[in-house]
Ligand code: ATP
Ligand code: MG
């Protein structure tokens, strides 16, 4: 079993889609072993997406991620990181495969409904930014 970190983004919470997205996650065989709804501060969003700080969309991304609450989650499965990336679909919803979360729900490349870690190493870093070990109950 391994873990990945997930965010249901503001475009999803704003449209009351957290239950529908969680249903897709669970039907794909990922288990939600920690979850909470939080409002990210600008500093938190900037730190979280720090790898993109030189990109032209960075300001827009931080603005979107702090505009409304998000739901942060730890997901568990065999090969959780690649499995969740597959369930999420491509970053640009126009390129996302049928049945993926982004194909089903995303509004645009920026407002694309979910985040998922891109490596086991980053999953561990991102989980530790939001959860203590005691809050993760497998
Ligand atoms: P995430 O890291 O959120 O799971 P990802 O790994 O599919 O998404 P990244 O390349 O890491 O994609 O980009 C991080 C986020 O930045 C995207 O999910 C999206 O919200 C935003 N983003 C990426 N590219 C663009 C773009 N060209 N224009 C606007 N926003 C973008
Ligand atoms: Mg990414």
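Glycine is treated like the rest: Cβ placed from N, Cα and C.
Per TrEMBL, the feature active site, pros-phosphohistidine intermediate maps to 115. When other Cβ atoms within 10 Å of the Cβ of residue 115 (active site, pros-phosphohistidine intermediate) are tallied across all protein chains shown, the result is 20.
What TrEMBL records for 9, 57, 85, 91, 102, 112 is ATP binding site. Sequence-distant contacts (6 or more apart, same chain, Cβ under 8 Å) of residue 9 (ATP binding site) comprise 64, 65, 70, 111, 112, 113, 114, 115.
The feature domain 'Nucleoside diphosphate kinase-like' is assigned by TrEMBL to 1-138. Helix, strand and coil content of the domain 'Nucleoside diphosphate kinase-like' (1-138), in residues and according to DSSP, is 64 helix, 26 strand, 48 coil.
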Site extent for ATP (largest Cα pair distance over 9, 57, 85, 91, 102, 112, Å): 21
Neighbouring C-beta atoms (10 Å sphere around the C-beta of residue 112 (ATP binding site)): 23
Proximal but sequence-remote residues of the same chain as residue 91 (ATP binding site) (Cβ under 8 Å, at least 6 apart): 102, 109, 112
Sequence-ordered binding-site residues from 9, 85, 91, 102 with Cβ under 6 Å of an atom of ligand 1: 91
